[in-house]
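Peer 1: According to Swiss-Prot, the protein has these features:
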type     : residues           : note
REGION   : 1-311              : region 'Ribokinase'
BINDING  : 191, 192, 193, 194 : ATP binding site
ACT_SITE : 260                : active site
REGION   : 334-463            : region 'Cytidylyltransferase'
């Protein structure tokens, strides 16, 4: 588990949800009939929350006011297992609170309560003492700057210098015009508007984007400069050349907090030794998850994997499949296998299995599972491609990949009406049969097997 220190501005996000169908008689403004209220962790706390969702250990460092919102805020952080020992109380300010008013799932107004004054000398010293104490323990640092007074120029540069001295990855989500504040950071994540504002450049072409990123690299010594481009994805430099990693999002409901998700997922990806390109693809997938939800949403590893791996709508993780089948009344048939080098025998077997019920679910052994069962030279075809081929068959309704050696957990969760296995299981125990109403054995098709196909290919190559 990676340990990440997040330093920055803490924001309480408050939402009023409802419907608006009339104007106020007092002024030409809409009247919201509130149906629901919710509170989320915002700013640097949302970055921390995203990291928790991605299975990291998080130390959060920032400031709240000496007020009820601040107390509730810290309680919410603790409930998410975020370490709050680096959060200080400032008696001279209120906890930053952003209230968003949502009507018919559209944000119609926002009300901000905040004080953006710089921290006093004592608070700055206490924050820096905490960071200095933690720096050797953690794997990376994120500076989440919302320009609310915590990350002034001097403190930001001191933290970056400290991180570099201890060879720690340090990423910054910047604000304001002066990017010298973030000089020598490992990576910064401005959006197009922020970067245009800071560099006084219009970023409307390949050449202008490349020039802007070169300035970040050469003038500000940012090791890995990039820019987020909303629906156009993320652009970065690779050996001096501009690379664009396109967005993955299909439906956008709310972009609130998407930048926090991007920097959190980039940090963890890079700490896992991913290339910058792969890290950007991972971050794009995480962002695609959160913009498809309302509010400062989170992306789980399972949801990100679904975005990255799903090349067919029939391919689902178990959690999503169970959700899809929650109110199902049709007869479910389940079978499983490696289905390496899909052949006529497989297709015939699956068609017969589907004929036994209404919905056919195929449990597919992952690459790691196949390797354990059949040896290091298998599978021939990757799990992603095997899943796609199976999902392309009209007789198959859903494909779910499992990592274990057996599908016992899938069968126990799905509780199919009929469990189908190959006829070679005659007089053998069928794993998971106790969780199905009925177990049926079925021929694959005489003369067809993946092993036979592999041997035939070998003989042909040798000839």
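Heads up, residue numbers simply count up from 1 along the chain you see.
Using the three backbone atoms N, Cα and C, a Cβ is placed for every residue, glycine included.
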Peer 1: So for residue 192 (ATP binding site), how many other CB atoms are inside 10 Å of its CB?
Peer 2: 18
Peer 1: Looking at the binding-site residues 191, 192, 193, 194, whose Cα is closest in space to that of residue 260 (active site)?
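Peer 2: Closest by Cα distance to residue 260 (active site) among the binding-site residues 191, 192, 193, 194: 191.
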Peer 1: Determine the Cβ neighbour count for residue 191 (ATP binding site): the number of other Cβ atoms within 10 Å of its Cβ.
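Peer 2: Its Cβ shell of radius 10 Å holds 19 other Cβ atoms.
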Peer 1: What three-state secondary structure does DSSP assign to residue 191 (ATP binding site)?
Peer 2: strand
Peer 1: Given a separation of at least six residues and a C-beta threshold under 8 Å, show me what packs close to residue 193 (ATP binding site) in the same chain.
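Peer 2: In sequence order, no residue meets the Cβ cut-off.
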Peer 1: List, in sequence order, the residues of the same chain other than 191, 192, 193, 194 whose Cβ lies within 8 Å of the centroid of the Cβ atoms of the recorded ATP site.
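Peer 2: Same chain, not in 191, 192, 193, 194, Cβ within 8 Å: 190, 195, 196, 197, 227, 228.
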Peer 1: In the three-state scheme derived from DSSP, which category covers residue 260 (active site)?
Peer 2: helix
Peer 1: Counting across all protein chains shown, how many other Cβ atoms sit within 10 Å of the Cβ of the residue listed as 'active site'?
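Peer 2: By my count, 31.
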Peer 1: Take the region 'Cytidylyltransferase' (334-463) and count its residues per DSSP category (helix H/G/I, strand E/B, coil), listing them in that order.
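Peer 2: Helix, strand and coil residues of the region 'Cytidylyltransferase' (334-463) number 54 helix, 26 strand, 50 coil.
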Peer 1: Around residue 194 (ATP binding site), how many other C-beta atoms are within 10 angstroms of its C-beta?
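Peer 2: I get 20 for this one.
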Peer 1: Within the region 'Cytidylyltransferase' (334-463) only, compute the mean pLDDT.
Peer 2: 88
